[in-house]
Every structure is written in C-alpha cells, then in structure tokens.
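TrEMBL annotations:
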{"type": "REGION", "residues": "B:1-23", "note": "region 'Disordered'"}
{"type": "BINDING", "residues": "B:89, B:112, B:113, B:114, B:120, B:212, B:213, B:214, B:218", "note": "FAD binding site"}
{"type": "BINDING", "residues": "B:109, B:110, B:111, B:112, B:120, B:121, B:122, B:123, B:124, B:196, B:223", "note": "dUMP binding site"}
{"type": "ACT_SITE", "residues": "B:223", "note": "active site, involved in ionization of N3 of dUMP, leading to its activation"}
C-alpha cells in the first residue's frame with residue numbers, strides 16, 4: 001500500500017472542504033479529486049485539479065459569451081463532429097493535473113509526450129524511497145518472436161522464479177548501497193545527485209503532470225493501445241476511466257473515432273472497395289506487404 | 001459598449017450560480033470570472049476559467065500529497081526563489097482561460113506566442129460585426145524618428161483629423177461592401193470565407209485563449225513593456241491587473257524579477273563593477289555600442 | 001509577376017555558387033532551392049534551406065553511427081512501417097525552411113499551426129507593397145448551402161463582376177490612404193504600426209517559415225484536403241510537389257497512409273464488417289448520424 | 001574508448017565524401033561533422049547535421065530574397081541587437097542535429113527541455129551495451145551543506161574508494177543479471193522491455209537530438225551554468241565549443257548577454273543605483289532576503 005496514514009489524512013483533509021466557485025464543475029470528476037487510484041504494485045494516479053467539462057468544449061467551439069451550450073444531444077453531436085474532423089482546438093480548452101507515482105522506466109516513455117507540464121520529485125534534492133516495481137508472476141513474459149519490440153508468452157516455472165529473485169535481490173542491494181553511500185554517519189556522505197545513479201530503472205518516482213484534453217487523448221491513443229508496454233498501458237487505462245467520468249461526451253467520441261476506429265491506407269481502402277464489390281482480394285493482389293496485410297486482416301476481423 | 005443586453009444577461013446568469021468544488025479556489029479570481037474588462041474602444045478581456053493559485057505552485061514544486069504549502073511567508077519565499085532561478089515548471093501548473101475581443105492587427109501580434117491554446121471566432125462560418133478600432137485622438141501618433149519600429153509624438157490638428165476621417169470612412173465603406181457581397185437578397189451571395197478579405201485589420205475579432213502562468217508571464221513581460229505597441233500593451237496591462245488578484249505572490253515575484261528587473265550583459269556588469277570602484281566609465285571605454293550604452297544609462301537612471 | 005529584376009538577380013546569385021558539404025544532400029531538393037514557385041496572383045513558395053533526406057529518417061530511427069541506411073527497398077519498408085504505426089520522431093529529424101508570400105487572411109489560417117518557426121515581414125518597421133489578392137473569376141464562389149464553412153458554385157455574370165470591382169476598388173482606395181497617411185511630405189506622417197490597420201486582409205505579406213517534416217505532413221494533411229479553403233490549399237499543393245522531390249519515400253508513405261487513407265470510426269468499421277458478410281446496412285441501422293453516414297458513403301465510393 | 005573500429009570506419013566514410021550544395025555552409029561546422037567529441041568516460045557528442053549560419057539569422061530577420069546580409073560588422077550589430085531585445089525568432093531559423101551518448105540519469109535531466117526532437121535507442125527493441133558511468137575520483141563529491149540541491153567538497157580516502165567500489169560492483173552485477181535474464185540459451189529469455197528495468201541509472205544510452213538555435217541557447221544557459229550538475233554541464237560545455245565554431249557572432253552575443261550577463265531584480269537595480277550615489281547598502285537595508293543578497297553580492301564581485 002503506497003500511502004502512509006499521514007498522506008491519507010492529508011488527502012481526506014483536502015476532500016472534506018468544498019468551496020463555492022463560479023467555474024464550470026464536472027460532478028463526475030469531483031468524486032475523483034485527490035483520491036489515489038492504485039496502479040501496479042506501488043504506483044497510483046490521482047487527480048489534483050481540472051479545468052472545463054463537455055460544455056466548455058462547445059462553449060469554446062462557439063466562442064460564446066455565456067455557457068454556449070444547447071441541448072445535450074446537440075452538444076454531443078457537435079463534439080462528435082469536432083472529433084471526426086480533427087478540430088482539435090476546442091478539446092485543448094480542457095485541462096487536467098495529475099499526481100502520478102510510477103517506475104522510472106515507465107516515466108522515461110511517458111515524458112516523450114512533450115506537450116505537457118511536468119514537475120518531478122527531485123532526487124538531487126530529496127532521498128528516494130525503497131520502492132521498486134516487481135512484476136506480478138503473470139506479467140513476467142518472454143521476448144516476443146514475431147514483434148522485436150514486445151513481449152510474448154508468460155514465463156513459467158524456474159525461469160520465472162529466477163527472474164523474480166534477481167529483480168528483488170538487485171533492487172534491494174542497490175538500495176542498500178544507495179543508503180550507505182548517502183549516509184552521513186561516520187563519513188561525509190555522497191551527494192544525492194550522484195548516489196541516485198546506483199538505482200535501477202524499476203525504482204518509483206513521482207510527478208505532477210498537467211496536460212490539455214487534446215494532447216491527453218493523443219497520449220491515451222498511443223499508450224492505451226495493445227502495442228504499448230503493459231506497464232504504461234495500465235496507467236493509460238486508469239486515466240481513461242477518470243476521463244470517461246470527467247467529459248463523458250468527449251470520451252465517447254474519442255472511443256469511437258480513435259480508440260475503436262481504424263486508420264486505413266489508400267491501398268487498404270482500395271481493397272475494401274474491391275471486396276465490397278465481391279472481388280476476392282489476397283495479399284498478393286492487395287499491393288500491401290505481408291506485415292501490412294496481416295494488420296489489415298486483423299482490422300477487418302475486429 | 002461592446003456587450004448587448006442578452007450578452008450581459010448570459011454573463012450575469014453564469015455569475016449567479018456558485019457550485020461547490022474540492023479544487024483550489026482563488027477568491028481574488030472568482031470576483032473577475034466572466035466580467036468583461038473593457039480595453040480600447042470595443043475590446044475586452046474576461047476570465048472564463050482558471051486552474052490553481054499561489055499554493056498550487058508550491059504544492060507542485062514540492063510534489064506533495066496534500067496541500068503542500070507551509071506558512072504564507074515560507075511559500076512566498078519559495079515562489080521568489082523559483083522565479084529568481086528560472087525554475088519555470090511549477091508556474092506552468094497554473095492555467096488561465098480568457099475570452100478576448102481585439103482588433104485583427106493586435107491578434108496577429110498576439111498569436112506569435114505559440115505555447116497557448118486558441119479558439120478564434122470563424123469568419124468562414126460566421127459574419128463579423130461592424131466594429132472597428134478607431135484610435136482615440138491622443139493615440140494618433142507620428143512615426144518615431146529614433147526607433148524605426150515605433151511611434152513618436154501625437155499628431156495634432158488637421159493631420160490627426162484627416163487620419164481619423166480616413167480610418168472611419170474606409171472601415172465603413174469596406175464593411176458596407178462586405179455586407180453587400182454576402183447578401184443573398186436578389187443574388188446568390190459571396191462565400192463568407194472570401195468576403196472577409198475585404199475587411200481592414202482594425203476590424204474586431206474574438207477568441208478563447210488559454211495559457212499556463214509561466215508562458216503568460218513571458219507574454220506579459222514582452223507585451224506590457226514600453227517597447228510594445230500601445231494597442232497590445234493595454235491588453236497586457238488589463239491582464240496584469242487580473243493576475244495580481246489571482247496569484248498575488250507569483251505576480252509580486254514576476255514584477256520584481258521580470259517587469260521591474262534588468263538584464264545586464266557581461267560588458268554592462270563589468271562597467272557597473274568599475275563604476276562602483278569609483279571609475280568614470282564612458283561609452284568609449286565601456287566596450288558597448290552607442291545604442292547599447294544609451295539603454296544601459298537608462299537602466300541606471302531607473 | 002512578383003519578383004523584381006534585382007530579386008531575380010539575387011536568387012540567381014545564390015543558385016550559382018555550389019559549395020562542398022559533408023551533410024546529407026537531396027539532389028531532388030537542390031534543384032528547388034531559392035526558386036520561387038508562383039501561387040495565386042502575387043504569392044510564391046520558395047525553399048531557403050533543408051536538413052536531411054529519406055536516408056536521414058532511417059538513420060535516426062536506427063540511431064546509427066554511420067549512414068544507417070540499408071537497401072533502398074529495406075529503407076522504404078522501414079519508412080512505411082514508421083508512418084503506419086505513428087512513429088513520428090524519425091520524421092521530425094528532417095527540417096525545411098521556406099520563404100512564402102501570401103495574403104494576410106491565408107497567413108492567419110497558416111499560423112494556427114504552432115509547431116513551426118516564423119519570421120514575418122514587419123509592417124511596424126517597413127512599408128507594405130501595393131499587392132492584393134484578387135481572385136481569378138473562376139474562384140469567385142457563392143456561400144455553400146450544405147456546408148456553413150465553405151463555398152459552393154462559382155458566381156457568374158453581374159454578381160461576379162460586382163465582387164471583382166469591389167475588391168479591386170477597396171484595396172486600392174485603402175492603399176492610397178495608407179500611403180497618404182504615412183507620407184511625410186508636408187506633414188509628420190502617421191506611425192506605420194498604426195497606418196497598417198487600414199489595409200484589408202487580401203494584402204500580401206511574407207515570412208520565413210521553418211518546420212520539421214512530421215509537422216509539415218500534419219499541415220499538409222489538413223491544408224491539402226478538399227475541406228481546406230482554396231486559397232491555402234494551393235500553397236499546400238505547391239509544397240506537396242516540393243516534398244515529393246525532397247523525400248520521395250516519406251512522401252509516398254504520407255500519400256498512402258494520410259492523404260489517400262481514411263480514418264474510420266468504430267461504428268464505421270463495424271458497418272464495413274457487416275457489409276463484407278453480405279448484410280445490407282443503411283444509415284438507420286448503422287448507428288451513425290446522417291452527416292456521418294454521408295461522409296462514410298463517400299469514403300466507400302472513393 | 002567508446003567507438004569500435006567499424007564505427008570509426010563508418011564515420012570516416014561519411015567524412016570522406018563532400019558533395020556540392022547550394023545551401024548555406026558554415027566552414028567552422030563542417031570540420032565537426034560526424035566526429036565524436038568525447039565526454040565523461042564513455043559518452044560523446046557529435047554533429048550529424050546543421051542548418052544555417054550567422055548570415056541565415058540576418059537573412060531571416062530581414063525576410064530577404066537573397067542572402068540578406070550586409071557587412072560583417074553590420075550583421076554582428078544586428079545579431080547583438082536581436083539577442084539584447086529578446087527577438088528570438090531569427091535564432092530559431094538555425095537548427096542542429098546531434099548524436100549524443102550519455103548516462104540515463106543525465107538523459108533524464110536533458111529531456112526536460114521539451115522544444116526539441118529526440119530519437120532514442122530503444123531498449124525494448126535492442127540490447128544495451130555494458131557501459132556505465134563511473135565518476136573520476138575527483139568528481140566523487142559530498143552532499144553540499146549550503147545547497148540542498150548540489151554537491152560540496154570532493155570525497156577522499158576510504159569513503160571515496162568505497163563509493164567507487166559500490167558503483168562498479170552494482171553496475172556489473174546488474175548487467176550480468178540483465179544478460180542472464182534475456183539469454184535464450186536453455187530458457188525462453190525474458191522480454192527486453194522488462195529486463196532493462198534491472199539496469200541502474202548510470203548505464204549509457206544514446207539518442208539523436210535536434211533543436212533550433214534559440215532553444216539550444218536556452219538549454220546551454222541553464223546547463224552550462226555552475227548550478228547545473230557536473231555530469232550534464234560537461235555536455236553543455238562540449239556543445240558550446242561546437243556552437244562557437246558554427247555561428248561565431250550569435251555565440252558571441254549569447255556569451256555576453258546570457259552566459260556572462262546578470263538578471264537583476266527591481267530591488268537589486270535599486271540597490272545598484274543607491275550604491276552608485278555613494279550610499280552604503282547592506283542586506284538589512286536592501287529589501288532582499290539573505291540568500292538573495294548573497295547572490296547579489298556574488299554578481300557584483302563578478
């Protein structure tokens with residue numbers, strides 16, 4: 001359990017004192033505020049703040065003086081239209097601020113999304129906790145043989161046990177030595193900015209991450225995808241659940257057009273048209289490479 | 001007066017219904033929400049939404065579980081430290097969304113600040129109003145003779161009258177013709193996306209503009225400066241007043257370190273050191289060009 | 001013709017002096033350098049500089065010590081794979097710098113693409129030329145009746161003549177008055193930063209615009225699309241021709257996956273699957289709105 | 001020595017085949033192309049490509065048809081003017097692409113600069129080498145007692161020896177286990193994307209990093225500063241040397257106005273003015289905090 005009693009008390013304090021505001025309020029999001037949604041063995045995602053709601057997207061799209069929304073149905077139609085036609089600026093008018101605790105190797109993937117604001121816990125300034133990601137046995141997987149950049153079947157038996165043993169032992173030894181090097185008992189103590197280099201990439205870090213809804217959707221499309229590494233996908237999934245409560249209409253459009261949709265090439269669309277006319281199309285007659293054809297067939301199967 | 005009775009009613013509606021929230025609330029900012037602060041002859045700035053307050057800057061800097069703030073004095077010291085050392089990320093954790101009405105030639109300068117989100121009223125889709133910026137007589141100024149990129153003394157007498165006459169007449173004629181071209185009475189009516197090209201750059205447009213506090217400070221430093229064109233500076237000044245109420249400690253630090261501070265070159269610092277030792281330094285012995293020396297002397301005079 | 005003899009001579013000067021370099025060179029691009037490709041009645045696009053070629057995309061994707069490319073076929077396959085799977089960072093490793101002359105209302109759309117570098121001709125500092133976009137008769141079009149944001153049939157006869165007359169007369173009158181206001185003969189002369197507000201949005205401006213290939217593709221996908229306004233689409237088309245010569249493999253992949261491809265929603269993919277199984281799907285049974293179904297049918301027709 | 005004979009041969013191949021180009025060429029930069037400048041024990045910086053030179057900055061600032069430069073002295077004056085007045089867009093018209101090899105903990109600081117393009121070596125796809133940063137004895141330093149975020153005196157004697165021993169032993173053990181886990185001899189072999197989590201933060205990674213000159217200067221100002229951690233500062237220093245050869249005038253202006261300059265607050269400028277009038281100003285009468293006064297005094301000493 002990642003939170004100390006003191007931390008829980010701090011969170012409860014924040015949740016106990018509603019204040020009046022004139023701003024747009026999303027009731028679905030208020031219930032998430034500050035609460036830690038657990039991810040992996042020591043991580044979490046929690047909402048620190050948000051700006052806007054579904055109505056705010058419509059209000060911005062219409063550059064309104066007042067609320068700028070019409071009927072719920074009308075607003076949903078507008079939101080779907082904006083999503084379908086890649087009118088991204090109204091979605092940028094919503095913003096979310098998250099506090100995330102995550103292993104460093106996940107943080108390194110995450111930070112590649114540059115259009116966001118980040119404030120990370122400083123290991124130059126502070127001492128990191130003894131918390132390391134150790135995968136659950138069912139997530140200890142072999143290197144994939146079809147995809148150089150992914151994992152295959154779950155490892156079992158002795159091999160899995162050996163992996164777990166190594167990860168735990170190396171994490172703990174590295175942390176013991178980290179502590180020994182920075183200690184100022186009977187010695188000067190190594191600078192923290194140097195000592196941290198001894199910690200492996202499964203150590204947990206944390207940050208405040210703030211992003212607009214359009215760029216968040218872009219992040220989620222790539223990271224909630226089945227090609228994404230499991231350890232970042234579970235964070236993306238947790239955020240998807242939060243966003244669905246925050247901006248239900250926008251999330252619905254995102255789910256239909258991005259997450260559940262398909263991006264077909266000109267060649268693929270040509271094949272679809274020929275198939276609808278009754279032609280038997282094969283990889284050889286499709287103009288696609290083998291890998292591309294395999295992905296295309298998977299899309300058609302759904 | 002730029003707002004119609006219906007618009008005022010919409011604004012009042014929004015201001016009349018506070019709702020409870022668990023988020024950070026800035027009392028100084030709540031009083032600004034939705035209200036239009038008039039700028040120039042038909043323009044305005046009004047706050048549509050905001051995220052965070054002074055405490056949120058400290059909370060992010062400390063990556064806190066709870067509020068993350070300590071005493072007011074301690075927090076103000078931290079904020080000044082962050083500003084002084086260019087630690088910009090905690091300031092990015094605050095966000096503001098404005099509705100701005102402004103002349104097109106001001107909008108063209110404004111949009112050069114790229115790290116912001118914008119949703120502009122579409123003149124492809126909608127018809128623009130007959131509203132043009134006509135400078136007040138005291139702002140009709142001559143081309144500067146010392147600064148190729150600025151204005152000099154106020155024009156007076158017949159020349160000023162002639163300028164005002166031209167601006168009004170041309171605006172109105174262009175708008176009459178805009179209306180005539182898009183009219184569908186007795187004709188098909190020109191496409192709006194084409195007709196708009198007949199409108200001069202003093203026509204008003206409007207947009208929703210959303211930006212984080214760090215990038216807003218950067219905008220304000222450049223646009224509230226005396227080198228900025230008067231017509232954008234008045235918008236920056238109006239926003240400064242709002243920000244001072246929103247995040248007083250951050251604005252105070254910004255005022256001291258950026259607006260009121262000076263950026264001295266290595267050569268200039270060298271001169272300061274020599275002068276403090278009692279040396280008489282002149283432009284000739286300073287190593288600076290004439291223009292640079294003039295700016296340096298102005299800094300020293302304050 | 002937009003270029004003066006002196007400008008042509010400057011361009012020829014630049015084209016006459018090749019120098020040796022060790023950098024990646026794209027022969028297809030060298031032939032475009034500095035040459036002005038005319039667009040609209042007074043505009044142009046010309047390449048000022050570029051970085052990288054198809055091989056540089058592969059070299060970056062492989063983080064290579066040397067050239068990092070393999071066979072042409074292998075490289076093209078890699079480029080297609082990167083494009084298909086939205087691996088955008090290798091495309092960001094190519095960069096292009098253009099000098100563009102364009103009407104202000106086109107510039108206002110263009111600048112909405114924020115991930116680019118821009119240096120615009122300053123009308124605070126300099127005097128604009130008497131050059132205005134006057135559409136060719138076949139591009140004087142009526143407001144669309146099906147799309148609020150577009151144009152319909154070409155206007156003909158008297159109405160078209162009237163439009164042309166108005167655009168020419170207003171442009172010229174506004175420019176005459178612009179000149180009269182800034183003139184310092186017998187008067188002080190109005191500041192340029194003020195006088196420019198009298199010029200309508202069809203006046204030409206110019207800028208240097210620099211962008212990476214990934215963001216350029218994003219721009220081209222939106223602006224070379226048939227939904228884009230004709231006056232910006234012709235610039236996008238001109239740039240497409242240049243890019244096809246610069247990075248033929250990347251442009252080919254872009255054409256297949258983005259320009260010629262389709263983005264189908266989850267609902268649309270579901271319909272495709274049902275149709276391929278022989279079901280007769282109609283708008284009513286599709287789950288789509290009328291507008292969405294119309295767009296879907298258009299995609300299937302190709 | 002980080003480069004294998006094969007890598008050296010690849011680099012020499014690239015350096016041996018100049019090709020003609022019509023683009024701007026910087027002779028000072030051509031001599032750096034592809035060559036690895038060694039940094040730390042296994043790292044390097046090498047230039048892969050560049051766009052523009054000092055003249056290109058002036059050409060963009062003047063939005064020129066031709067070369068757009070005047071005399072060298074005139075151009076240098078313009079560049080200094082642009083730098084002094086924060087006209088950043090002309091500097092954005094130059095671009096550099098680097099191949100950098102660096103420890104992961106340095107990469108994590110570096111990536112915080114978001115306005116750049118990055119392609120990193122993928123440890124999901126590939127196997128990392130057994131290369132770890134082990135500080136030279138003179139860089140094994142104690143935690144600073146005055147600055148929570150920095151290092152103090154060099155550690156000596158047994159404590160330093162112990163630190164070196166730990167860093168070497170833990171790196172090697174972690175790498176041995178990384179190899180053992182991914183091995184497919186007699187077992188399936190753990191997925192690379194999982195195994196990498198066992199590697200400590202001093203392991204080397206590498207990337208292609210591309211950035212414009214304005215944002216590079218911002219990076220250098222923060223990272224070549226004495227507050228920056230030594231291990232990233234040496235990379236910044238190596239890049240400074242390269243940039244000085246690439247764009248000597250721009251680098252000179254950067255050195256004077258940014259690296260060697262000082263940013264004084266309003267309170268500090270007020271103190272300077274009082275001191276120049278002969279007043280004895282102390283921390284108590286300065287209005288500054290103790291920390292701020294200490295920094296101010298350091299600036300005045302130079």
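Any Cβ shown, glycine's included, is placed from N, Cα and C.
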Considering only CB atoms and a limit under 8 Å, which binding-site residues from B:111, B:113, B:122, B:124, B:213, B:218 lie near chain C?
B:111, B:122, B:124
Number of other Cβ atoms within 10 Å of the Cβ of residue B:122 (dUMP binding site) across all protein chains:
17
Candidate binding-site residues B:109, B:111, B:223, pick with smallest Cα gap to residue B:120 (FAD binding site):
B:111
What does the DSSP secondary structure composition of the region 'Disordered' (B:1-23) look like, as residue counts for helix, strand and coil?
11 helix, 3 strand, 9 coil
Consider the binding-site residues B:89, B:113, B:213, B:218 and say which one has the Cα lying nearest the Cα of residue B:124 (dUMP binding site).
B:113
Applying a 10 Å Cβ distance cut-off over all chains shown, what neighbour count does residue B:218 (FAD binding site) have?
18
Hey, what's the Cβ neighbour count for residue B:223 (dUMP binding site) at 10 Å?
22
Long-range same-chain neighbours of residue B:89 (FAD binding site), Cβ under 8 Å, sequence gap at least 6?
B:60, B:214
Lowest local Cβ density (other Cβ within 10 Å) among binding-site residues: B:111, B:213:
B:111
Which residues, sitting 6 or more apart from residue B:113 (FAD binding site) on the same chain, put a CB under 8 Å from its CB?
B:211, B:215, B:218, B:219
Need the DSSP three-state call for residue B:122 (dUMP binding site) to compare against my parser.
coil
Compute the C-alpha separation of residue B:111 (dUMP binding site) from residue B:213 (FAD binding site), stating it in Å without decimals.
16
Residue B:124 (dUMP binding site), number of other Cβ atoms within 10 Å:
18
Which of these binding-site residues, B:89, B:111, B:113, B:120, B:124, B:218, are close to chain A by Cβ (under 8 Å)?
B:89, B:120
Tell me whether residue B:113 (FAD binding site) sits in a helix, a strand or coil according to DSSP.
coil
Express the distance between the Cα positions of residue B:223 (dUMP binding site) and residue B:213 (FAD binding site) as a whole number of Å.
15
Across all chains shown, how many C-beta atoms besides its own are within 10 angstroms of the C-beta of residue B:109 (dUMP binding site)?
19
In DSSP terms, helix, strand or coil for residue B:213 (FAD binding site)?
helix
Over all shown protein chains, what is the count of other CB atoms within 10 A of the CB belonging to residue B:120 (FAD binding site)?
18
Roughly how many Å separate the Cα of residue B:122 (dUMP binding site) from that of residue B:213 (FAD binding site), to the nearest whole number?
27
